[in-house]
Each structure stands twice: as C-alpha cells, then as structure tokens.
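> As annotated in Swiss-Prot:
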ACT_SITE  His133  active site, proton donor/acceptor
ACT_SITE  Lys160  active site, schiff-base intermediate with substrate
BINDING   Glu35, Leu36, Arg37, Arg70, Arg202, Gln225  3-dehydroquinate binding site
Amino acid sequence: MTHVEVVATIAPQLSIEETLIQKINHRIDAIDVLELRIDQIENVTVDQVAEMITKLKVMQDSFKLLVTYRTKLQGGYGQFINDLYLNLISDLANINGIDMIDIEWQADIDIEKHQRIIKHLQQYNKEVVISHHNFESTPPLDELQFIFFKMQKFNPEYVKLAVMPHNKNDVLNLLQAMSTFSDTMDCKVVGISMSKLGLISRTAQGVFGGALTYGCIGEPQAPGQIDVTDLKAQVTLY
C-alpha cells in the first residue's frame with residue numbers, strides 16, 4: 001500500500017477571495033496538495049495565474065500547489081487547444097510558488113512537443129502530472145494499461161487516468177490497471193473511477209498503489225468528488 005496525498009481542487013472565477021481562503025484554512029489539516037484550476041477563466045493569462053499564486057503563497061508551507069488547465073476535450077472548460085494550450089503550460093514554469101503542473105495526454109499529441117515541454121517544466125523544478133480523462137466511459141482493461149504505459153514514457157513524476165464507470169466491472173478494471181502499473185513502473189500513479197459508483201477509487205487509492213486522491217472544498221469540481229475533510233478521514237482508514 002502506498003502513501004496517499006489528498007488534493008483539494010479549487011476553481012476561482014477571477015481571483016482568490018477572502019472567503020475561499022477561509023474555507024481552505026478551515027480544512028488545512030486535510031490538504032496535502034492544493035489544485036488551482038484555471039480553465040474556468042476565459043482567456044486566462046500567466047499574469048492572472050501568478051497573482052492568484054501570490055495570494056495562496058501565504059499558506060503554501062502547509063501544502064504543495066498544483067496548477068491545472070483542463071481543456072473541453074477532457075471534460076474541462078478550457079478553450080485553448082494545440083499550441084495555445086501548450087504555450088500556456090510551458091509559461092507556467094516561470095511562476096514561483098507552483099510545485100506541480102498538469103499536462104494532458106491524448107493519443108494524437110505531438111510527442112516531441114510534449115517531451116520538450118515536460119523537460120522544460122522539470123528544469124524549473126516543477127513536478128509533472130501527465131493526465132488523461134474520459135468522461136464518457138471506461139475503456140477495456142488492456143486499453144487502460146496501454147494508456148498508463150504510453151503516458152509514463154514521457155518520464156513525468158505522476159501519471160493520472162480518470163474514467164467514467166457504467167458498472168462495477170469498470171471500477172474493478174481501473175483499479176486493476178492502476179495496481180499493475182504501480183507494481184511495475186517507477187513513476188507515481190493516480191487512477192480515478194469517477195461518479196459515486198467509483199468512489200472507492202478515491203477513498204482506497206493507496207490500497208491499489210495510487211499516490212494522489214482528489215477531493216473538493218465545498219462544490220465538487222469533478223463527478224464523485226467529496227469534501228477533502230471527509231476524504232482525508234476515509235483515506236487514513238486504510
């Protein structure tokens with residue numbers, strides 16, 4: 001069983017308000033990583049992100065900061081695609097205070113560009129979470145394993161795969177794929193079976209070799225997320 005860090009996802013509209021800081025402080029003991037989603041901000045700029053990071057730095061000794069721009073293609077709000085998306089991700093490396101950066105994987109990506117950007121982020125001491133999301137279904141077990149394998153070839157610190165289950169076998173396949181990957185590969189793995197049906201993948205993440213589990217502060221930012229306070233309590237049971 002692996003040690004699991006609890007990620008709290010926030011998605012402020014334009015800035016970090018005092019009420020949000022209070023909500024974070026109220027849950028500070030449950031948070032290992034704070035994920036700042038920025039895809040909900042239309043035409044977001046690096047300067048806007050830097051300003052938000054500055055406000056969060058006050059509490060940063062308590063947790064690591066992960067920045068994520070989730071595109072519409074993978075279930076987010078982000079309109080940036082191709083070079084616009086990759087340029088934003090690359091430019092995030094210049095912001096002090098960011099510890100981790102999410103970069104999406106698709107089967108048709110430009111491999112050389114992705115490799116170059118991931119190395120660039122790592123040169124600036126940012127941990128890379130390479131991720132893939134399927135909000136429609138859960139692929140067969142062999143395809144899940146293949147996606148994990150393809151993502152780890154970029155040598156990230158974390159590989160993350162989130163899929164939507166339609167039955168309990170979908171959940172079991174995701175957990176098996178994650179467990180097998182954890183036993184055979186060096187980088188850390190995250191596997192999420194979304195919605196209430198897949199909740200066990202969030203609460204028992206460490207049992208199957210996972211390193212991160214994602215929760216929310218108040219309103220869920222993804223199907224199946226629960227409040228980080230409850231999530232932390234569940235994770236520590238295992």
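Backbone N, Cα and C atoms are what each Cβ position is placed from, and that goes for glycine too.
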> How many Å lie between the Cα of His133 (active site, proton donor/acceptor) and the Cα of Lys160 (active site, schiff-base intermediate with substrate)?
8
> Given a separation of at least six residues and a C-beta threshold under 8 Å, show me what packs close to Arg70 (3-dehydroquinate binding site) in the same chain.
Arg37, Asp39, Gly76, Tyr77, Gly78, Asp102, Glu104, His133
> Taking only the residues the record lists as binding 3-dehydroquinate, namely Glu35, Leu36, Arg37, Arg70, Arg202, Gln225, what is the largest Cα to Cα distance between any two of them, in Å to the nearest whole number?
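19 Å is the greatest Cα spacing among the residues binding 3-dehydroquinate.
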> Among all protein chains shown, how many Cβ atoms are found within 10 Å of the Cβ of Leu36 (3-dehydroquinate binding site), not counting that one?
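By my count, 20.
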> Quick one: what's DSSP say for Glu35 (3-dehydroquinate binding site), helix, strand or coil?
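In three-state terms, Glu35 (3-dehydroquinate binding site) counts as strand.
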> Run through Glu35, Leu36, Arg202, Gln225 for me and report the binding-site residues whose CA is within 10 Å of the CA of Lys160 (active site, schiff-base intermediate with substrate), in sequence order.
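Those near Lys160 (active site, schiff-base intermediate with substrate) - Cα within 10 Å - do not exist; the answer is none.
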